[in-house]
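**Q** Right, I'll just put the structure down here and ask away after.
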Amino acid sequence: MVLIRVLANLLILQLSYAQKSSELVIGGDECNIDEHRFLVALYHSRSKTFLCGGTLLNEEWVLTAAHCNRVFMYIRLGMHNKNVKFDDEQIRYAKEKYFFRCHNNFTRWDKDIMLIRLNKPVSYSEHIAPLSLPFSPPSVGSVCRAMGWGQTTSPQETLPDVPHCANINLLDYEVCRTAHPQFRLPATSRTLCAGVLEGGIDTCNRDSGGPLICNGQFQGIVFWGPDPCAQPDKPGLYTKVFDHLDWIQSIIAGEKTVNCPP
């Protein structure tokens, strides 16, 4: 299952590498209808084009990747098949958007994260429920679950109507530094490295912003990966949710001064 990441013009200007526009899971299977109640879909309001995934944190907040941002966008919650609407599906708009502006000990690779406050609270239902933030850091070697409506083939673009899910492995960050020398990744980072080194399973375009769930905890946000997707020895990068907890929680709490992680 290939998760596809959505390219954002803002990050194209800021970053010297190419991101996937939205990533889809390659080498996976259709997600069980009950396993992604927290998974949301971001759409462009004018073109009605599917952009990215995201994760519902509570009745009012969604966490996704910053490069998924568009001026005009809406969020579908409780969706499985894009073309078949559940009775409890809900649509919301972004009331507020928050971007990570902290500079201390954070590089440009560590900031692809965005909090969206919805225009009105969501009602939990059979197909809509939140995903909790992690309570402990991720461990290298963990088996992680990736999911999204991104491409299922690469480089040919095949977009599914239903979300696909796949298991990938959480790898040592140094594996990604070695795999992608052209990007000169910093020696230390608050991003996660994950994939299947044998190839064939990966996130891909239009899965950006979706969750990476490791040992049952929400540990990563789909961020960047090689193109074509699912190449051997070419794992992808994921924003590390645990290292952004202070920032996330201070914004949701409505604090006037945002807490930057140490």
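Including glycine, each Cβ sits where the backbone N, Cα and C put it.
So Swiss-Prot lists the following for this protein:
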type	residues	note
ACT_SITE	His67	active site, charge relay system
ACT_SITE	Asp112	active site, charge relay system
ACT_SITE	Ser208	active site, charge relay system
DISULFID	Cys31-Cys165	disulfide bond
DISULFID	Cys52-Cys68	disulfide bond
DISULFID	Cys144-Cys214	disulfide bond
DISULFID	Cys176-Cys193	disulfide bond
DISULFID	Cys204-Cys229	disulfide bond
DOMAIN	25-253	domain 'Peptidase S1'
CARBOHYD	Asn105	N-linked glycosylation site
SIGNAL	1-18	signal peptide
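Please go over these features one by one and say how buried each is and what sits next to it.
**A** In the three-state DSSP reading, His67 (active site, charge relay system) counts as helix.
Ser208 (active site, charge relay system) falls outside any helix or strand according to DSSP and counts as coil. Residue density at Ser208 (active site, charge relay system): 37 other Cβ atoms are found within 10 A of its Cβ, drawing on all protein chains shown.
For the recorded site, Cys144 (disulfide bond), the DSSP three-state label reads strand. When Cβ atoms from all protein chains are considered, those within 10 Å of Cys144 (disulfide bond) total 22, not counting its own.
Sequence-distant neighbours of Cys176 (disulfide bond): residues of the same chain at least 6 apart with a C-beta under 8 Å from its C-beta are Leu185, Thr191, Cys193, Pro235, Gly236, Leu237.
For the domain 'Peptidase S1' (25-253), the predicted model reports an average pLDDT of 95.
For the recorded site, Asn105 (N-linked glycosylation site), the DSSP three-state label reads coil.
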**Q** Mind giving me a neighbour count for Cys165 (disulfide bond)? Other Cβ atoms within 10 Å of its Cβ, every protein chain shown.
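**A** A count of 20.
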**Q** Would you list, in sequence order, the disulfide-bonded residues among Cys31, Cys204, Cys214 whose CA lies within 10 Å of the CA of His67 (active site, charge relay system)?
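**A** So the list is empty; none.
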**Q** Compute the C-alpha separation of Cys204 (disulfide bond) from Cys52 (disulfide bond), stating it in Å without decimals.
**A** 11
**Q** Other than its own, how many Cβ atoms are within 10 Å of the Cβ belonging to Cys204 (disulfide bond)?
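**A** Its Cβ shell of radius 10 Å holds 38 other Cβ atoms.
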**Q** Which whole-number value in Å describes the distance between the Cα atoms of Cys31 (disulfide bond) and Asp112 (active site, charge relay system)?
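**A** Cα-Cα, rounded: 25 Å.
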